[in-house]
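Before any comments, here is the structure.
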Amino acid sequence: MKTLDCFDFDPNWSENVPKPKSLSKSEPFYEDKLLMIPGPTNLGSKVQQELSRSILSHTDPQFHQLLGEIQDGLRYLFQTKNSHTFALTGSATLAMECALCNFLSPRQSLLSLVHGYWGERIATMAERLGFKAYRLRSQFFGENFTLDRIENALRRFRPSMLYVCHCDSSIGFVQNLQGIGQLCHRYDCLLLVDAVVSLCTTPLSMDRWDIDILFSGAQKALSGPPGLALISFSQKAIDRLPQKDGRSCRSFYLDIKLIAKSWGIDDQRSFTYHYTPAINLLFGLRAAIVAVIDESLKSIVRRHRNVRDCLENELQKLDLKFLIENPSNRSAGITSVLIPNDIDGSKVMESLSKNDNILIGGSLLRPNSAANIPKFWRFGYLGVNADCRKIKLLVRGLRNALIDQRKLRAHL
C-alpha cells in the first residue's frame, strides 16, 4: 500500500472557499470612540505601546520575570500577601467559573447575593456545573445587605461559598464588604468577591476584610486590555483544595494547582507548562499596573469618586434622576440614570455615537413592570476616562440629544 503524503493533495484544495471580500482592505474600518460605558474602557498610550511589543516565548526566563512582576502588582492592587495571585487567560467570567469548579463539589452549595445581573449569573453558572445555588435577593435597587440578613441566610442554607459583587456594574451599586468575611468564616464558608468594577474605583483590602477569593478584570478601571482575569486565593481557600493531585478540579484548563505551577508558585519555583498564555496582553497588563502604582491606589480611587460627583452634579442640572436613590450606595466608575418617559433611550445612544463619537451603556436588565425594573442608561467613567473633561463632553452631547429629541416630539 502506498504511503500517503499529507502534502500530496489536490492542488486546488484552497479554492473551495474563496477569499472573503470583507477582508480585502488592508486597514480596518473601525472608528475611535470615547468609551463612556461600563467596560471595556479606552487604553492609555503606554498600554497600547506595550501590546505591540515583540513577543516572548512563554519558556523564556524574561517571561518568567514578567509573571513575577505582575504578581507583585496584583498583590498591591488587591492589598494581599497571598502567594496564589495571578492572571488567567480569559474574561472575568472565567474567574467566576474557576472559583466554582475548584472549591465546590456536587454536594456543596453557593449562596449568591443578588443585587442585579451578576449575582443571578453566577448562581446560574453554579447550577449548570451541577452545584446547588441559593439566591438572596435585594428588595429594591441599591439595597445594602446587612450582616444580620446575610447571617440569617448563612444559618439557613449552610453554603460552602458566598458570592458578593462589590460593585454591581449592571445597576451602578456598591455593597459594603466589611464584616462579611468574618461572618462567613464563623459558618465555615468561603467568601468570593467580584471586584471587576470596584478594583481601582473603591477602597478594597483582601487581607483586612478576610476575603478568600477575589477576582477582577483588566479592562475596567485598570484601563488594561480585555481578555485577562485577575484572581487571588487566601491560604484558607488553598487549604480547601484536595491535597492529592489525583482528585482535582473538573476543569483541566482552570485547575488552580496547574495554573499555579505555570506561574512558578510551588516549592521549587519552577515554571511548568499548562497552556500558552496571552503574552502580549500580559505586557499590556503590566503597563496598566505600573500606571496605577505611579498614581497610587488611594489617588486613583479618589479620582473616580471626584469624577462621580462631577457627573452627578451635571446630570442633576439636566433634571435626570438616578436609579440608586441613596448617594452613599452609588458606585464610582458607573452611574445609572433613569430614562425620562418622554425620551427614547436608544435614540439618545445613537445620537451620542453618531454625532459625538461617544458610547454609553444601556441596561443588562430587561425592563419589567412586574419586577419593577425601569429603563435606564449606564454611564461609565473608568480608568483613563475618569476625567472631568471627558464628563463635560459626555454631558454636552447628552444635553444636545435630549433637546433635539424633545424638539422633534414637539413638532409631531
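Glycine is treated like the rest: Cβ placed from N, Cα and C.
For reference, TrEMBL has these:
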DOMAIN    56-360  domain 'Aminotransferase class V'
MOD_RES   K220  N6-(pyridoxal phosphate)lysine
BINDING   R378  substrate binding site
Check: Do any residues at least six apart in sequence from the residue listed as 'substrate binding site', in the same chain, have a Cβ closer than 8 Å to its Cβ, and if so which, in order?
Finding: I37, P38, S169, S170, G172, I334, T335, S336, V337, I360, G361, G362, S363
Next item on the list: Measure from the Cβ of K220 (N6-(pyridoxal phosphate)lysine) and count the other Cβ atoms within 10 Å, all protein chains considered.
Entry: 28
Next item on the list: Find the average pLDDT over the domain 'Aminotransferase class V' (56-360) in the predicted model and report it.
Entry: 96
